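Peer 1: Mind having a look at this structure? Questions to follow.
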Amino acid sequence: FLVLIVHPAYEYAYEESFITTPALQISNTWRAAALPVGICLMALFALLRLARAGDFKTFLLAALTVVALIGVFWLAQPMLRPLGNLNLIIFFVGVVGFCVFAGVPIGFAFGMAIFGYLALTTRTPLMVLVGRMDEGMSHLILLSVPLFVFLGLLIEMTGMARAMVAFLASLLGHVRGGLHYVLVGAMYLVSGISGSKAADMAAVAPVLFPEMKERGAKPGDLVALLAATGAQTETIPPSLVLITIGSVTGVSISALFTGGLLPGVVLAITLSALVWWRYRGENLSHVQRATRSEIGKAFIYALPALALPF
């Protein structure tokens, strides 16, 4: 996909040279040139990663398969044009579904489908695809996405998430299924600081999983609960999903954040009820309850992290 859109991206950047930015009074090519340059860098990075992860035989087989599929669709172009709207099903159901099941990231799967539909069944210039990509990436609100991802990684690296989890564990660690409650609550709190669910899971799981396994929890149950809490906190602000939806649809992001809190609470209560039922007979004879001084000390350490969402 990246190789196919390099030339349309170059043409789009060239067409933008006739436009002068109103604020800086410079050619808009300087901004639009980020598209072809970025696409080339992404393609180079993909090739380097492929060369490092796979052998030459696998790479050659994959390249020949892609070229063969492109050739089949190109030769089928005279048969595709008369089909009209049926091409929408062929490309946006068939091609997208095949790419997703083949392990292609969904963004590139839709990109391939759109490129094929425009190139093989319409006379629309392919610059339209690049222009829509440029328009989608030009929303100022999307700048918050890498910043929230950075904040999530910062919380993990500084140990703030670990301190928060330790405080919750000192409160509930002696209760049956207590660490499972801590996992649900920690994911809820950490998600209120970071917008990246991958960073949230990476920050919470290593702290809780070893102790939970020592108490007899099954690894499959732990992974399932972590995945469920990750899905539960997708609506907890700041959520990258809600930010993206708001930037694309024009819906108020503050309204999405406000409306996303209640579903997260309901799902957290449901997961907590499931944890209570599943671990109501857990043996905690070897677990000691934290003293008030230990709870106070853990609270002081966790206070900066607990204050971040507010």
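Heads up, the Cβ atoms here are built off N, Cα and C, so glycines get one too.
Note that TrEMBL annotation is computational and uncurated.
According to TrEMBL, the record shows the following:
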DOMAIN    98-310  domain 'TRAP C4-dicarboxylate transport system permease DctM subunit'
TRANSMEM  32-51  transmembrane segment
TRANSMEM  58-76  transmembrane segment
TRANSMEM  88-120  transmembrane segment
TRANSMEM  140-161  transmembrane segment
TRANSMEM  181-210  transmembrane segment
TRANSMEM  222-245  transmembrane segment
TRANSMEM  251-277  transmembrane segment
Peer 1: Mean pLDDT, the domain 'TRAP C4-dicarboxylate transport system permease DctM subunit' (98-310)?
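Peer 2: Over the domain 'TRAP C4-dicarboxylate transport system permease DctM subunit' (98-310), the predicted model scores a mean pLDDT of 78.
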Peer 1: Looking at the stretches 58-76, 88-120, 222-245, which one shares the most CB pairs under 8 Å with the transmembrane segment (140-161)?
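Peer 2: Result: 222-245.
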Peer 1: Thinking of Cβ pairs under 8 Å, which stretch from 32-51, 58-76, 222-245, 251-277 has the most of them with the transmembrane segment (88-120)?
Peer 2: 58-76
Peer 1: So what's near the transmembrane segment (222-245) in sequence-distant terms, Cβ-Cβ under 8 Å and 6+ beyond its ends?
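Peer 2: Counting only partners 6 or more residues beyond its ends, the transmembrane segment (222-245) has Cβ contacts under 8 Å with 141-142, 144-145, 148-149, 180, 183-184, 187-188, 191-192, 194-197, 200-201, 204-205, 209, 212-213, 251, 253, 256-257, 259-261, 263-264, 267-268, 271, 275.
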